[in-house]
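Encoded as structure tokens, the structure appears first; notes follow it.
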Amino acid sequence: MDLRELVSALNDFASLSLAESWDNVGLLVEPSPPHTVNTLFLTNDLTEEVMEEAVQKEADLILSYHPPIFAPLKRVTWKTWKERLVVRALENRVGIYSPHTAYDAIPHGVNNWLTKGLGACTSIPLHPSTAPNFPAESTHRVEFCTDNEHLDTVLSKIKGIQEISCLTTLPARVESEEQTRVSLNCSQKALLEVVALLSQNSLLYHKTQILLLQKPLLPHTGMGRLCTLSEPVSLSHIIERIKSHLKLPHIRIALGTGRTLESPVSKAAVCAGSGSSVLKGTEADLYLTGEMSHHDVLDAVANGISVILCEHSNTERGFLTELRDVLAIHLQNKISIIVSEKDRDPLQVA
């Protein structure tokens with residue numbers, strides 16, 4: 001496949017608009033066109049060891065879940081390991097693409113894969129995603145009624161304000177008087193100007209309504225998952241399920257106040273990677289994530305919530321095998337897709 005065709009297909013698989021605003025996703029390194037991709041190489045982290053593996057396996061595009069370029073690079077030299085990744089990629093005509101939090105949000109993504117470690121359950125996003133393109137750039141709707149005598153003057157002034165859309169007028173009867181209802185959509189900035197204009201006429205202003213435009217939620221899409229188990233099971237049983245799912249000999253556990261290993265788990269809040277900000281404040285019997293700050297663990301424990309930590313990338317990497325299979329179908333088996341054998345969590349238990 002041509003690189004641009006493949007990137008388009010990857011974006012269709014998981015829209016980059018679902019990624020968090022702070023993230024750096026999409027095509028990060030692009031060899032000069034035309035660039036044909038015969039082999040797509042999947043990894044959770046793109047280290048120098050993994051880059052050498054990708055080169056040896058003649059990969060044409062690396063899909064690295066974590067973006068290897070996050071902070072802006074001021075130069076590309078041989079001095080730092082991330083700069084060297086870019087150099088090696090360009091020297092060997094290997095592109096780099098990162099989806100990161102876009103894959104966290106999608107219904108068939110990382111977090112849904114992680115919930116499978118709990119056993120049979122139903123889940124909903126902890127922080128649902130919203131539709132990216134509605135309602136356009138507008139944040140508010142303003143509606144007011146005015147008598148026909150002042151209508152043209154008011155409309156003339158409103159049309160002079162930037163960032164206003166969907167301006168409509170309809171006949172209206174207010175207190176037995178024939179008037180006109182004016183409706184418009186506007187940005188936060190324009191709202192201040194509209195309010196300032198309308199407030200110059202107290203009768204007009206008192207007939208004004210301001211509505212917050214909220215984008216519709218996307219079903220089954222968003223950050224984290226709140227899982228309701230089909231049947232409550234003991235925490236010790238959940239631990240064994242998670243270790244089996246993640247293929248880990250050890251995990252870290254903090255027991256909630258008043259809880260034991262035999263305490264039942266009915267609800268679990270899940271977040272792949274670093275889950276503190278996503279899980280915080282969620283009511284559940286258990287938090288499952290890769291890592292949390294010391295004080296956030298203490299807060300959870302004090303609230304009777306047990307915490308299981310598996311290290312950051314251990315809660316993500318196993319998804320790559322599932323991703324390989326679903327991408328093969330999505331891409332109609334047009335290219336070879338392989339998973340890194342060198343990619344691993346940097347932390348080991350000694």
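Here the Cβ of each residue, glycine as well, is placed from N, Cα and C on the backbone.
Owing to the predicted nature of the structure, the values given are computational and were not obtained by experimental measurement.
Features as listed in TrEMBL:
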- HIS66, ASP104, HIS312, GLU316: divalent metal cation binding site (BINDING)
To see if you understand the setup: which same-chain residues, six or more apart in sequence, place their Cβ under 8 Å from that of HIS66 (divalent metal cation binding site)?
ASN44, ASP45, LEU46, SER98, HIS100, SER313
These are the binding-site residues: ASP104, GLU316. Which one scores highest on other Cβ atoms within 10 Å?
ASP104
Long-range Cβ environment of HIS312 (divalent metal cation binding site), under 8 Å and at least 6 residues apart:
GLY273, SER274, GLY290, GLU291, ASP345
Cβ-based neighbourhood (8 Å from the centroid) of the divalent metal cation site, residues HIS66, ASP104, HIS312, GLU316 excluded:
ASN44, TYR65, HIS100, VAL110, ALA272, GLY273, SER274, GLY290, SER313, THR315
